[in-house]
Structure formats: C-alpha cells, structure tokens
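Asks: Got a structure here, written out as structure tokens. Questions coming.
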Amino acid sequence: EESTTQVTVVLKTLSSEYWQLVEAGAMEAGKELGIDVRVTGPSAESEIMDQVNLIEDGIVQQPDAFVIAPIQPSSVVPALERAYERDIPVLLLDTDVEWDKKTSFVGTDNYSAGQAAGKLMLESVEEGDEVALITGMPGNTAIDSRIDGAVDVLEENGVLIAARQSGDSDKSESVNVASNILQRNPEIKGIYAASDDMAIGAYRAVNQTNLDIPVIGTDGNLEATENIIAGGLSGTIAQSPYDMGYQSVIAAAKAASGQEVEARIPTEIQTITEDSAPEQAEFIRGVLNR
Amino acid sequence: MSEPLLQVIQVKKSFSGTEVLKGLDLDVEAGEVHVLLGENGAGKSTLIKMLTGAYSMDEGEMYWQGEKVTFETPSDSMNVGIATIYQELNMIPELKVYENIFLGNERHRFSMLNRKHMKRKARELLIRLGQNPDLIEKRTGSLGIGLQQIIEIAKALTTDAKLLIMDEPTSSLSGTEVEQLFASVKELRKEGLAIIFISHRLEEIKELGDRVTILRDGLKVETLPVKETISDKMVELMVGRTLNEKFPKIESERGKEGLRVDGLQIAMYPEPLSFSAYQGEILGLAGLVGAGRTELARAIFGADPKTQGSISIFGQEMTINSPKDAIQAGLAFITEDRKGEGLVLGQTLRFNINLGSLFKYKQAGVLKKRALYKNGEHYVQELNIQPAKAGMKARFLSGGNQQKVVIAKWLSTDAEVFIFDEPTRGIDVGAKVEVYRLMNELIEKGKIVVVISSELPELLGMCDRILVMHEGTLTGDFDRETASQERIMRAATGGK
Amino acid sequence: MAELQQNTETADTKSSSFYRDFLTKFGALFGLLILCIILSFSTEYFFTVDNMFNITRQASIIAILALAVLLPILTSGIDLSVGSLLALSAMVMGVVSVNWGLGPVLGIISCLAVGAFFGWLNGLALTKLRLPHPFISTLGMMNIARGFALIITGAAPIAGFAFSIQYIGSGSIGPVPVSFLVVIFLYVAMHFFLTRTTIGTYIYAIGGNKEAARLSGINVDKILILVYTSSGLLAGVAGLVMVGRVDSAFPLAGMGYELDAIAAVIIGGASLFGGIGTVWGTMIGTLIIAVLRNGLNLLNVSSDLQMTIIGAVIILAVYIDVLRQRGQTKEA
Amino acid sequence: MAELQQNTETADTKSSSFYRDFLTKFGALFGLLILCIILSFSTEYFFTVDNMFNITRQASIIAILALAVLLPILTSGIDLSVGSLLALSAMVMGVVSVNWGLGPVLGIISCLAVGAFFGWLNGLALTKLRLPHPFISTLGMMNIARGFALIITGAAPIAGFAFSIQYIGSGSIGPVPVSFLVVIFLYVAMHFFLTRTTIGTYIYAIGGNKEAARLSGINVDKILILVYTSSGLLAGVAGLVMVGRVDSAFPLAGMGYELDAIAAVIIGGASLFGGIGTVWGTMIGTLIIAVLRNGLNLLNVSSDLQMTIIGAVIILAVYIDVLRQRGQTKEA
Ligand SMILES: Nc1ncnc2c1ncn2[C@@H]1O[C@H](COP(=O)(O)OP(=O)(O)OP(=O)(O)O)[C@@H](O)[C@H]1O
Ligand SMILES: Nc1ncnc2c1ncn2[C@@H]1O[C@H](COP(=O)(O)OP(=O)(O)OP(=O)(O)O)[C@@H](O)[C@H]1O
Ligand SMILES: O[C@H]1[C@H](O)[C@@H](O)OC[C@H]1O
Ligand SMILES: [Mg+2]
Ligand SMILES: [Mg+2]
C-alpha cells in the first residue's frame, strides 16, 4: 500500500485566530497537493514544554516533514535535533530559530513589521510627542523584533517613548496596563501594541479615559479589523498567516520529496487602515467561514 | 406499663466487617434516667450514634412513642425531640459560645438571626449551669475542654427535647461542675424528660440513675433498677468477672526527690509555683476545672512558654524549652486531650505507640522495622488494648482504648518522671485498675509519678500526697492521712 | 462558682475588647492605608479622583472573584475553577447574545446560569462523589471549563456586545464606575448574608468543624452545594463585568485569576482551614493587590519587578496580620 | 477482659488484609493499566519502545516536581512555588555556567543551591514568621522567584549549555533516557527516606497531628524547614533536567506546573489534609497524567478537548480511589 506523504505542523497554539488562519492555509495546501497534513499546537502560547512534547510525540509518528512555529526558539532545538537525526526535514514558521540544520524559514520579517507600525504612527504624531508601547509575554522574539523596529523608526523621527510595559499578550491585562500608563502620562499621543489582542485592550482603556489618540496593533485579526471599521483602532500591521501556512506546507512537501527549498520564504505585511479594513475582514471571514 | 418513649430492637452494626453491635435491645421510659454501662469498646457510643442518626443501622428497628422511625441524619432525630451530647466534643472553635449553643437551632426575627435573644438565653443557661455568663461572647476554641463540655450541655438544653442523651458528659468535669449538671438533670427529669446517661463513674450512676442497661460485647446483658442493684454486681455483669479492689494501692517507702519545680512562673498566672515529687509516692494534683493544673503541667513539659523558674530532675537542673527538651530530660506527659494532643488519628496504633521513642530503634540512621513492630505488639498486649490489632488506625478505637494508646506511647519512652493529666478520663472501671497498676509498677521501678485528676475518689484512693490548686496557686498539700474530700474541696475553692 | 472563675476571666473589659475588635477589623486596612500614603508621596498621579476610580474599575473583576472564592474558603474548601468559569460564562453570553443575536437580557441570564450550573457541578462532585477535597474537583473543573470555553467557538473571541452589557463593565455614573457599584452591592449583600442569616452561620460552622456541624443537625451537603453554586454564579458575574470592560469575550480570559483571588481573600484575614474570614477583609485584600499593581504601573516599574514586589507584599501583608494577632493575644 | 472482647477481633485475617493492602497500593496502578490498554488499541504508535521512553522523558520533570510537593503535602502543607523555583534555578545555572562561563559543575551546584535556598526561605516564612498556611508563603514565593527569573537576564532565555547538563535531560543509556534514571533514583531514595528513617516518620506524624507531634518531642519547625528546603532542592533538580531537555533556560519555564504536580500527588492517593500519601502513588499519578497527554497527542486530539478530558480524568481518577476505599470499608 502506497502511503501518502505526511506533514506535521506544530504551531504556537490553535486557540487564536492568527494561528487558525495558519492552520487553514496549511490544510488548503495539503488538499491541493493531496497529502496528509496534521496541525497541532498547545492550548496557549505560554505552554512551552507542551509544545516540545508535541514535537516529540510527532516524531514518534514518523512524518515526512515538520513545520514548526516555536514559542520559545531556543527551547525546541533538542527536539528539532532529534527530528533531524531521523532525517525529517524541519521548516520554521512565523518565528525563526538560529539552528543551521533547518530547511527553511517561512514568515514575516517582524522588524519590518515594527517599522511599518512606526511609520503608521508617524502619520498622527510629530517630533517631540510622547507615545507608549505595549509589549508581549516575555521571551516572545517575534514580538520583541516588532517593538525594536517601531522604536527605531519613532526615535529616528524624534518621537519620545514615554512608557514601555508588558501587556502579557492578554487583552484584559492590556486594559489595565494601558489605563495606568494613561493615568501617569496624560499627554501620550499614541499607543503601539505589538499584537492585536493587546491593541484592542489598549483601545478600551483609551476609550474609557475619553481620549482620542491613535492605537495601532499588529496581526490583522478579524476583531481588530472590525474594530478599525467601527472607528476604534487607527490601524494594524497585518501579517499573512494564511499564506504562511500555505507556503510552508508546499515547501515542506518539496523537502520531503528531496527537492531544494529556498532558505527563506518571506511573507507579506500589509498596513490596514479604515480604507483597507473591509477587504481584509472579508478575506478572513471567507477563510474561516465566519 | 405505658409504651416506652424509645425502643430499639435487635440493632446490629458493623465496621469494616467487624460486628460491633450484635442485636441489641433497649427501651427508655419518659421521666427516667437510663444509664448505659459497659467496658470501653462495648458499643455504647455506637448505639447512641444510631439513635441520633449519626450512623445508620445495619439491621434492627427503632420505635419512638410507639411509632416506627428511621433516622437518616442527625436533624431527623432532633426533629422528633432527641438532644445529644456526644462523647467527643462537637464545638466549632471559631464561633462564639452563644453561637455554638444555638447552632442548628437558631432563633430568628423577621427571618434574620435574632442575636439579642440568643445571647440572653445563653446567659441564662450558663448561670443555671453555674458559670460566668460573660463567657457567651468568647471564642469557644479559647476555652479549656472542661468548659467546652459545659457549653455542650448548655447547647443540649436549648432544645425542647423529650429525650436527652449524654455520652460521658462528666468525664472532663470535676466535682462541682458535676453537681451543677446533676441538679439540672434532676430538674429535667421532674419535668418528664427521659435521659440516657453514660458514665464510667459508678458513684454517679448510683446517684443519678433509675435503670441501668449493661452492655457487653455489643449485646445487652441485663437491664436492672439502679437502686436495688449493688455496684459490684453491675461491675461483675459488665466485665464478666468480679473486681476485687477499685484502688490497688501499694505501700512503698518515700525515696529521693525526683522532680523539683522551683519558682515556676506561668504566663497567665501571677504567682510562681514550687513543689517536689519523690520516688516511691504517687503525687496527686487536685483542683476545679480551670484551676490551672494543665497549664502547670504544660509549662513543666515545655509545651507552653514559662517566664521564670527552674525544673530539676533527681537533683539536676534541666533546661526545658520544648517538649523535645523535656523528653530528653526524662519527662513524659500524658495529655488530657487525647484526640487533639495525644494521637495521630489517621495512623496505626503501632505508629502512635512508637512515635515518642523512635530514637531507640535506629541503626545507622535506619529504623529497625521488626523492633518497632515488636514494641507495638508488646504494648497492645500489655495494656490490653482492644481490638488488639497494632496495625489498626487509631481513629477506629473506642475512646477508652485510645486513651490506653496514649499511655503506651509514653511508657515506651523510658522516662523517669511521668505526669498523667486525667489519665482515666473515659476509661472503664476495669481498665482504670489496670492504669493504677501501671502507676504502681512505675513507682516500684523508682520512677516519679504525678497525677492530675478531677476525680477525687481516684486521687484519694491512689495518691500518697495530694496538692491542690486554685486559680493558678497551690492552696493545699495533704498527705494520705490528712487528705479528705472535704479538705481538698475547701482548698480547691480557695478557702484555706 | 461563677465568682470562682471570675479572674481567669481577665482584663478583657469592654473597652479593650473594642480595641481588639477594631484592630482585627482594621488591621489589613491599616496596611492598605500605609501603602496608599507611600504611593501618594511617590507619584503625583496616584492620589487623584480619576485614579481612585481607575483602581476601583481595575479591581472589580478580582473583587468579584475574591467573593466567589471566599465562600468555599470559609467552609475550609477552595475553588480553583473561578477563572475558567469566568471565561466559559463570558463565551456563552457571547454566543447567545451576539452570535445567535438573542440580545443582552438572554445573554446575561445565560452567562449567570452557566456560572451557577458549573458551580453546582463542583458542589455535586464534592458532596455526591465524596471527593476528598474540592481542590481536586475544582482543579478538574478548571480544565474542563477552560476546554469548553475554547471549544465553544473554536477559540474565536466574540466582540460587539450590546450597550447595556458594556455599560456594566465600563460605564460610569458621574465619575463612579458602574462596575464599582456592582462590587459594592455584591459585598454589602454578601456581608448581610454571612452575618445575618442562619445559612451564613452554618457556612462558618462547616468550616470550623464539619462533623460537629452535621451532628448539630445542619445539612452540610446542601449548604456546600449552595456555596459552590454561588461561587460559580459570582464567577459568572465576574465574566459579565469582564466582557463589559473589554467589549469582548475570549476563551483565555481570567487565566490564573483564581490565585489572585485566593491571595486577596487570605491577605484579608481569612483562613484556609475554614471558619475564619470576612467580606470586608476580602475587599481590603483585593484593594491591596489592585493599589499595588496600579501604583507600580504609575511608578513605571517593569512587570518582572512588579511580580517580585507583589509576592513580597503578599507575604508581608499576612505577616503583619500574624504580628497583630499575636500582639492581641499577648496584651488582652 | 481479653477474652471478652475477642470477637470484636473479626474476619480481618491476614489474607484479607493482604488483599486490602494490595488494592490500596495498586488501585491507581490499575487505572493506569486500563488507560494504557485502551491507548494501545487506539493507536499503533502508543505501545512502542520509542514512545514508552518518550513518555518517561516527558514525565520526568513533573515527576520530580510531584516529589517536591509530596513532602509539604504530607505535612498538611503545600508548595506553590516549585514551578517558579524550577525556572529561577535554571536561569541561575544558565548565568553561572553559560553567561559567566564557569562551567557545568558550578552551574549545577548553583542550580541546586538556589532551589534549596529559596525552599529554605519558604520554610522560614512558615515556621519563623508563623504564617498561618504555606499556601500564602509559597504563593508569595511563586511570584518573587518568577520575578527574579525574569529580571536576572531581562527575560532573555539562555542556550548553549555544556554537554554534561544536556546529557542529564536528553541523553540516553541504550534506549533508556537518563532523566528517567534520575527519576527512578530520586523515587527510590525518597521512598527509603520516608519509610525507613525517623524524620520520614515525623513527617507523617506532623501531617497527621501537628500538636501531638510536637508534644511527642518532635522539633516540628526543624522538620518543616527541612521539608520545604528539600522541596526547593527538588525543584532545582527539575530545573536541571528541564534545561538539559530543551538545552535552554527560560524565565517562564515551569509556569503552572505546580498544579500539575499537586494533581499527580493527589491522584496518587495523597491527602491534602496531610499524613497520607506514598512515593509510589505519586509516581503513578504522574504517569497517569503523562500517558494521557501523550496518548491524546498521538490520537491528534485538539488541545482544547485535551484540557477538558484531562480535567475529567483528574476527577475520575480520584473518584475511583474514593469508590475503592469505600468498597474496602464495606467488604473487608
Ligand atoms: N468508625 C468506626 N470504624 C471502625 N470501628 C469502629 C468505628 N467506630 C467504632 N468502632 C469500634 O466499635 C467498637 C465500639 O466502640 P464504641 O465507641 O461504641 O465503644 P464505647 O462503648 O462507647 O466505648 P468507650 O467507653 O471507650 O467510649 C470499638 O471496638 C471500636 O473500635
Ligand atoms: N472562667 C473562665 N474564663 C475564661 N477562661 C477560662 C475559664 N475557666 C477556664 N478557662 C480557661 O481554660 C483553661 C484551663 O482549663 P482546664 O479545664 O484545662 O483547667 P485545668 O485546671 O488546667 O485542668 P483540668 O481541666 O484538668 O481541671 C485555661 O486556658 C483557662 O484560661
Ligand atoms: O506573529 C505571531 C506571534 O508570533 C504570536 O506570538 O502572536 C501572534 C502573532 O503576532
Ligand atoms: Mg464511647
Ligand atoms: Mg486540665
């Protein structure tokens, strides 16, 4: 019996829209290629060891290729080594790992995404203004690069970073953090949050304080996009999670059959504002059947 | 004869396959004090718990005023008019005294708690029981067990019961409180209340009882009228043989001074205390509940902090700041509260017996299991602990047998000085004699024995010398010849 | 004999007992005040009307959850599932009122009903399955409910709630947040319930000595079921306020809040062994944590250091309480 | 008197007590076996040598943490800080051995020392500050240690550990993971310690009745400090294994593991009220959780549903234990 190629995709979690879009893209690619794609992920983006276990449990099932979005890059290396020892090619997605045996990296250039957010912010703030940054769970390298990108653009243009606090990648935590920042720095002219969940939280705080300052997020989630349409968030830097999932599986299938794969497969970012939001919302609804 | 108030027919009850009640009958008439008498473990408390719905019966029938009843929960029995004082205290330590008195039987006003009313009633009850009415606002857990027992009695009196069950209510009370209690009980009997009364003190049974049902081994031996039956007969029926002497006092020479307490100052009492105990004598410590005897013993033993004073053992001054120090100095303290301070209930008899003397069974840091087993078995046999299973959990023993386990633990330590605090509390007459014999043996081995007891006859019967305490001070020192009930009571109430 | 025992009765006169009561009640409050004074001097932004209401708004969710865990703790139990139940009831409310478009009223009802229902299950697990300690049943429920909250919409968050729901979480009457009023109402009602009703007394009694309570004729199982059902219901209320506050229901909401809530209750003087604890103490415990978080944010302290400081303050707050009680026993 | 009470001595003969002992010891094991059998039939990958060692490797960290919380639980306490202490000791090891380049030996020593030191602080908080329940001191410590773990490198993970450290967490001798051997060693040693030494006995006594233990001459404080220090030390060992396993130390390591560890201990038959629990029960409790996780992963069950299933199994496992014990009392 001819067994079909199997690609195992281990994401940071499946419990958020972003990763569900990745999953949808991966499944679509699998369908088109007629191969077996299994997508898994732990219950939340904080479950680092659960993810390691998932990779190991995946190895037991002897897939032909792995696609992995590591929560904590350095921590998956031994598991990746184990896969490599069994000749399973490993592709990374969304978050890169410094590991020279990887087959490829598919994902956003997060530093540029941060720069894009900085540029968007510059449309409403000027030199000498103060802004606040909301960072994610400690150790999330993707989010940290975004913050770096944003800081560089903003500081180059003379904008002051008045506060930089972690919203723990959590919506309600971000409401509290943002409202306290606003208490302390009522002059703040804008907030950049490195994920949409935190941006939505920050926007609630702005709204409750009866301020009217721009809040910018990252990811391009449906909730954020709809929020933009409703006149809430000023914008978000959308990644292309669906495309990431799709591309990674295509590349993984190639690698499994011994073909050459590009070492870096960058996916698009797109600045979403009021104008482009409806289109983005429609796209996501289409993909997720919502 | 009219139909009995309560009748049980052929009750059976087993625990873990062990049949504890084997088809027992009992009937109680209105207006009588019906005494249950039986050895430790005979099944008295188990029977009580089935009458109140705390346990369910395996087999048997129960009739209340002629009607068949089954009690699923304690509230079922309370609803028909049964109030119960269980053998073990059932107080909520965190609640105030008056809240405990009305627990489960609260008074309301506009469906809200009527605290005012409850407090007033609680004060009345305490006065009736001869206590300070201001106690009602105290946290119950802050009171000694004697007082808690009195609160328990007050609680039972709040209900409009037709039957009052009292399982050893007097075991932690001294003479005066017992008298107060008996006065109340007699009054209640006059009002037509029936009372089931359990006690191991024969003189109490004689004073209060109308009829006595004697239990042995989960079966009824006989029900007899108390007045017409002599005590020895009751004991014989209960233990299955005659008991020759209640107090097997031996004669011995007074020897060296073994324990010397000098200027001991206990935190809550103003005056320092001094006394000595000698080889060859049993030293008694008498007093009313709350006189401070337990506090004194705890201070000696290092269980409570002491502010000043010294303790010498056989002439050598010892530094005792913790029970550990005390044990190393050669002290043993058989505490009065066996459940709270004596036993690890969830562990086996063996575990409990060995707990204080593990150091004797070590080899290169490793416990010698076989020796530990042997020691456990030894004391189970020696003290006749029933059931004689060293591997059984202490929780499942009857109160009296639990008491023996605590004693065994301390005998096992090879101490020089033994302080017994209410050692015969809840122990049956037969077992008491065994405990007394143990004390004799200790004396013969040259050990020092100090006994705190609220049972004056016991002190008078066994002690060579009796000290009396009142409000934290020593108010009397009598030797065997000069000691009498009357003199001791006078000293215990402060009158010199 | 009454006169005999008179002087073992000590200097505990009316006035000293008043003093003691005062300390017992206001000990933690004292700690809170000190904290507030320190913060007022450290940052000008702290002691402003605005910020005070800011704190009450931020404290509201933990305040309600703390009330939810106070009840089980009083019975010497615990409820670890409140954070998950918050999320589950919020998600159900989202599905009912937004996804199915059945409106806010049915949404709120379903939110509270779900909380109460799963709380009731906790109670059943404890009393009917006779699980030895609610730690285990509510730990199980914590996972079960979180799983359901994720499954129910495939982990998608729900936004776009009706104004009335948003109003509860983020509206204000004048400067006063509505959520704060909700909290005040719940606290007053609970205080009344615990101190003025028979069931309230029974809750304390069960926590103090379960067997004694049973032998006093109290239907322990019934009360425990009521306690856990109320706990779940309150988690539902917290879910409602949470949704109103962020205008969205999301499945990972309230994660780890159970430990914050328990900490608040214990800082407020309750005992994990049961039978001891008050509603006001709980309120103060909640405020200590909320004020601390807010103050540290205002001082721009990094979240890492905040964790360490909060940990230390938890220990300190309880230690102060211990000292106070010891002082009392000594002098009284 | 002896002969009179003879027949309260019952049918509880040697053989039936053997039967009972067997059940008590192997009840949870039975549950584990059933689980394994079901999984063997559901997925071909489960019952392979590869996967068996996979499971033991995955279970090792929780297994060690479970041992760490078993000790406090036996004394009727708890330790909520083990997950954070794991992270902190791992981070310190990283700083010492990688960042400062002092090599693996000093790294491992510092890792264990940090765990033990903070555990010792837990013990002091409980005994010297007289905090009422270790829930609160260790909850405080959980935050303090996590904060430190984050601050120490500004939240950056540390990678590139020496081979010897990696070997402990991910090496194998033949097909047998080294981490599994570490676990076996710790379990055997702990079993011996608890059942064959004076201090082991004292630990059970303290959990059963602290006051009785004290009055029996046990230095309760000293033992408790030892217990919490050992708990911290074991958390350090878990940190070491964790680092070896993923070749990196990161500040959020072990988050929430305390609850998994406690669940394992309780599934294994220990009582949160203290005095009851065994090392082997703990091992089986750990394996039940690990096997379940692994099996559900192999069956490709989504993580949401996994949560719900694990929650239900926690309750079920403890319920089976309750039933078994009740059965015993009835028939034995
Ligand atoms: N829950 C239980 N499980 C197992 N055995 C029990 C349990 N309760 C009581 N027993 C056993 O039942 C027997 C009768 O106990 P019970 O407490 O009724 O004795 P008692 O007559 O009240 O004795 P005492 O005078 O010492 O109070 C004892 O042998 C005791 O060990
Ligand atoms: N009237 C009272 N008011 C307040 N506390 C009291 C009163 N009577 C006794 N106590 C408390 O009870 C404790 C002593 O009670 P306990 O019954 O143990 O007395 P004892 O003389 O030490 O011993 P025993 O019970 O053996 O007679 C003390 O802590 C004392 O404070
Ligand atoms: O890019 C993704 C990131 O890696 C994750 O942690 O959060 C969602 C997205 O922002
Ligand atoms: Mg009895
Ligand atoms: Mg006493």
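Including glycine, each Cβ sits where the backbone N, Cα and C put it.
Please treat TrEMBL annotations as automatic predictions, because they have not gone through curation.
What you are looking at is a predicted structure, and each value in this text was computed from that prediction instead of being measured.
Annotation source TrEMBL lists transmembrane segment at C:26-47, C:59-82, C:102-126, C:147-168, C:174-194, C:223-242, C:262-292, C:304-322.
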Asks: Other than its close neighbours in sequence, what residues sit by the transmembrane segment (C:26-47), given a CB gap under 8 Å and a spacing of at least six beyond its ends?
Replies: 267-269, 281, 284-285, 287-288, 291-292, 294-295, 298-299, 313, 317, 320-321, 324
Asks: For the transmembrane segment (C:174-194), could you work out the same-chain residues 6 or more beyond its ends whose Cβ comes under 8 Å from its Cβ atoms?
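Replies: Tertiary neighbours of the transmembrane segment (C:174-194) are 49-50, 53, 56-57, 59-61, 63-64, 67, 70, 74, 167-168, 200, 203-204, 234, 237, 241, 244-245, 278-280, 282-283.
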Asks: State, in range form, which of C:59-82, C:147-168, C:262-292 has the highest count of Cβ pairs under 8 Å to the transmembrane segment (C:102-126).
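Replies: Checked against C:59-82, C:147-168, C:262-292; highest Cβ contact count belongs to C:147-168.
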Asks: State, in range form, which of C:59-82, C:223-242, C:262-292 has the highest count of Cβ pairs under 8 Å to the transmembrane segment (C:147-168).
Replies: C:223-242
Asks: Going along the chain, which residues at least six beyond the ends of the transmembrane segment (C:262-292) come within the CB cut-off of under 8 Å?
Replies: 24-25, 27-29, 31-32, 35-36, 39, 55-56, 58-59, 62-63, 66-67, 69-70, 73-78, 187, 190-191, 194, 204-209, 309-310, 313-314, 317-318, 321
